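Shown next, in structure tokens, is the structure this report addresses.
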Amino acid sequence: MKGLQSELVKYRRTFTGKLIILMPIFFGIYASIIQILMKNPLAQANNNTAIEWSTFLAIIFNWWSVIFLPLGFALFAVLIASQEKKAGNYRALRAHNISPAMIWVNKIVGMGFYSFLSTMTLIIVTIISGLLTVRGTVPIDKIILGGITCWITSLVLISIQLWAATYGNIFMSMGIGFAGMLLGVFLAPTNYWIAFPWSWATRLMCPIIGVHPNNTLLVAGDSLFNASVIPMGITVSLLTFFIFSLITALWFERKEVK
């Protein structure tokens, strides 16, 4: 428990900790600005008016799942790995009476906790910014389900990106994140989405939020509305999260500190 507490405290006042809070705020502000622009006289003259909460949530959760999760987690892992390398490349931590594998697991759990805080911030910011710019009843169930689902289905990216940042460097981690983002959008609407972790959050936003991976609203009767993918995606994501966490922890156990 002390190792986990150390991880949670370590990034509290760093840029990494600020990034966790600032990114969801940015997405809320961005969606609000788009919503306001779509309501201005010029936009209305061109029949380009907002579609209430459906458009607002589509903007936020599509950008969140498509852009922030792959690139944000890659950057998160880079910042974590960079801080550890500057602090002695894990030498001090390994000097304590705790196995390297447990050090790694604590780091993954700590990153998972901070990503959960980011998700909670996203949910709160979405509700508040939506109340200020959108008419109609707040679809709290969609917002909460969308946020939590994005968090769960992206947990597996933590161990993958942390391994890439620790084994390689910023270019390797960000490169994997960028490639995952591009390929994830391409595979999300296909039958192969389940085989690619970067597609999971984006694919599950289709039935939950009603947004296509290409950031357009789904039309009634679209096959992407099929909600059976939700339990399947969540189950697979949790299983792979534990599997990849174990694999990377065993790798770190055998890793020589230089």
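Any Cβ shown, glycine's included, is placed from N, Cα and C.
Any TrEMBL annotation is an automated prediction that lacks curation.
Database features (TrEMBL):
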TRANSMEM  20-38  transmembrane segment
TRANSMEM  58-82  transmembrane segment
TRANSMEM  103-131  transmembrane segment
TRANSMEM  143-164  transmembrane segment
TRANSMEM  176-195  transmembrane segment
TRANSMEM  229-252  transmembrane segment
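As a quick check, the transmembrane segment (20-38) and the transmembrane segment (229-252) miss the bar of 3 or more Cβ pairs under 8 A, pairs 6 or more apart, so the two do not touch. Within the same chain, residues 66-67, 70-71, 73-75, 157, 160-161, 164, 202-203, 206, 212-214, 224, 229, 232-233, 236 sit at least 6 positions outside the transmembrane segment (176-195) and bring their C-beta atoms closer than 8 Å to a C-beta of that stretch.
Beyond the transmembrane segment (229-252), the same-chain residues lying 6 or more positions past its ends with a Cβ under 8 Å from any Cβ of the stretch are 100-105, 108, 149, 152-156, 158-160, 162-163, 166-167, 193-194, 197, 200, 203-204, 206-208.
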